[in-house]
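Q: Would you mind keeping the following structure in view while I ask a few things?
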2 protein chains.
Amino acid sequence: MDLLKEKIKKDGTVLPGNVLKVDNFLNHQVDAKLMDQIGEEFARLFKDEKITKVVTVESSGIAPALTTAIHLGVPLIFARKHKSVTLTDDLYTAKVYSYTKKVSNNISIDKRFLNADDHILIIDDFLANGQAVQGLLEIAKLADVSVSGIGIVIEKSFQKGHAMIEKTGIRLESLARIASLKDQSVTFVE
Amino acid sequence: MDLLKEKIKKDGTVLPGNVLKVDNFLNHQVDAKLMDQIGEEFARLFKDEKITKVVTVESSGIAPALTTAIHLGVPLIFARKHKSVTLTDDLYTAKVYSYTKKVSNNISIDKRFLNADDHILIIDDFLANGQAVQGLLEIAKLADVSVSGIGIVIEKSFQKGHAMIEKTGIRLESLARIASLKDQSVTFVE
């Protein structure tokens, strides 16, 4: 998605440790128009997959997942994060480790919202090590729903998330694929 | 907003302790089409207020705030919640107590995103005791921006948030105003 790549080049900042800071248009301040176009693009890419629900994790996944759900005409579910170990029988739960924040969270979805005949599309803002996606795939397995695709706004292709998803055979579409963040500069995958 | 009130009547559940559970269409599973209509309605209500930015708090405020921002054609900012007491000079921060979760969180917005000439519209999914709105008003004051309006999806008018906002003189628009949740039943304000 050229528009997104231009925006990353223009407004993204590369910080030490392979961090790409895009909090001025993606995950703190949000360019609402761009976010709508991102949803439109995911809907176009996955329109033939008979998606019944879009699934993401709070918080920064909500914006691209919502616009995708609007353009596909299906509901959105956002998994909730929580620290507590008290789980209830009403929830599908998976453990997710965040490399950025160096903490483990449980993420969960109420059992009422996933049914065996669902075809879900997983959407997230970033793919790095793939922990959040892996957690959602675990929940999908527990709920016995099929995962028809994974849509990522910005993928850091040099980290292990991409390879992990490739191994599952699930269709992955990333709107911007970053090959390297060396020398404070963004290089996209050709 | 009649469509929303009908949805609350049909799909909402009243739990003991004046809790209205709407996690099947508002804040866990999200009715994407309804959320888009909610944003359209807020945009219609506030279209003459020269809004420059829509502001909310993660996570459940993001969906209605994003659709409002899309329909108004302005950026969205979502304040981040964090437990840490380490504050930096780069952030406007306020303390918010959650009656539901019985914990205090700091919420903050990066100083780069609020400027003295901004006219912000605060959007949130629920108004009960008004703690989140109060935190955002504190941040607006620190940033010296003017607050042109507050839009709430569901207001529990019998709790103290409504009166608190009324005292500030800021225009408040709530799409569904609940007068009572007595006897497991939803009664709207006439």
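Start at 1 and count along the chain as shown; that gives each residue its number.
Yeah, the Cβs are placed from backbone N, Cα and C, and that goes for glycine too.
The xanthine binding site annotation in TrEMBL covers A:Leu20, A:Asn27, A:Lys156. What TrEMBL records for A:Ala128, A:Asn129, A:Gly130, A:Gln131, A:Ala132 is 5-phospho-alpha-D-ribose 1-diphosphate binding site. If you look up TrEMBL, you'll see A:35-156 marked as domain 'Phosphoribosyltransferase'.
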Q: Relative to the mean position of the Cβ atoms of A:Leu20, A:Asn27, A:Lys156, the recorded xanthine site, which additional same-chain residues have Cβ within 8 Å?
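A: Here the nearby residues are A:Gly12, A:Val19, A:Lys21, A:Val22, A:Leu26, A:Asp125, A:Phe126, A:Ala128, A:Ile154, A:Ile178.
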Q: Calculate the distance in Å between the alpha carbons (Cα) of A:Gln131 (5-phospho-alpha-D-ribose 1-diphosphate binding site) and A:Leu20 (xanthine binding site), and round it to a whole number.
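A: Cα-Cα, rounded: 18 Å.
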Q: Sort out for me which one of A:Ala128, A:Asn129, A:Gln131, A:Ala132 has the most neighbouring CB atoms within 10 A, since those are the binding-site residues we care about.
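A: That would be A:Ala132, with the most Cβ atoms nearby.
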Q: Non-local Cβ contacts of A:Lys156 (xanthine binding site) (under 8 Å, 6 or more apart, same chain)?
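A: In sequence order, the residues whose Cβ lies under 8 Å from that of A:Lys156 (xanthine binding site) (at least 6 apart) are A:Asn18, A:Leu20, A:Phe126, A:Leu127, A:Ala128, A:Ile178, A:Leu181.
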Q: Excluding near sequence neighbours, so keeping only residues 6 or more apart in the same chain, what lies with its CB under 8 A of A:Gly130 (5-phospho-alpha-D-ribose 1-diphosphate binding site)?
A: A:Gln159, A:Lys160, A:Gly161, A:His162, A:Met164, A:Ile165
Q: Please list, for the domain 'Phosphoribosyltransferase' (A:35-156), how many residues fall into helix, strand and coil according to DSSP.
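A: Going by DSSP assignments, the domain 'Phosphoribosyltransferase' (A:35-156) contains 38 helix, 48 strand, 36 coil.
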Q: Select one residue from A:Leu20, A:Asn27: among these binding-site residues, choose the one with the most other Cβ atoms within 10 Å of its Cβ.
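A: Selected residue: A:Asn27.
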Q: What does the structure give for the C-alpha distance between A:Ala132 (5-phospho-alpha-D-ribose 1-diphosphate binding site) and A:Asn27 (xanthine binding site)? Integer Å is fine.
A: 16
Q: For the recorded 5-phospho-alpha-D-ribose 1-diphosphate site, whose residues are A:Ala128, A:Asn129, A:Gly130, A:Gln131, A:Ala132, find every other residue on that chain with a C-beta no more than 8 angstroms from the centre of their C-beta atoms, and list them by sequence position.
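A: These residues sit around the 5-phospho-alpha-D-ribose 1-diphosphate site: A:Tyr99, A:Phe126, A:Leu127, A:Val133, A:Gln134, A:Gln159, A:Lys160, A:Gly161.
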Q: Rounded to a whole angstrom, what is the C-alpha distance between A:Asn129 (5-phospho-alpha-D-ribose 1-diphosphate binding site) and A:Asn27 (xanthine binding site)?
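A: Just about 18 Å between their Cα atoms.
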Q: Quick one: mean pLDDT on the domain 'Phosphoribosyltransferase' (A:35-156)?
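A: Reported value for the domain 'Phosphoribosyltransferase' (A:35-156) is a mean pLDDT of 95.
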Q: Between the two most separated Cα atoms in A:Leu20, A:Asn27, A:Lys156, the residues recorded as binding xanthine, what distance in Å do you get?
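A: So the maximum pairwise Cα distance among the xanthine binders is 16 Å.
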Q: Sort A:Leu20 (xanthine binding site) into helix, strand or coil using the DSSP assignment.
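A: Its secondary structure by DSSP: strand.
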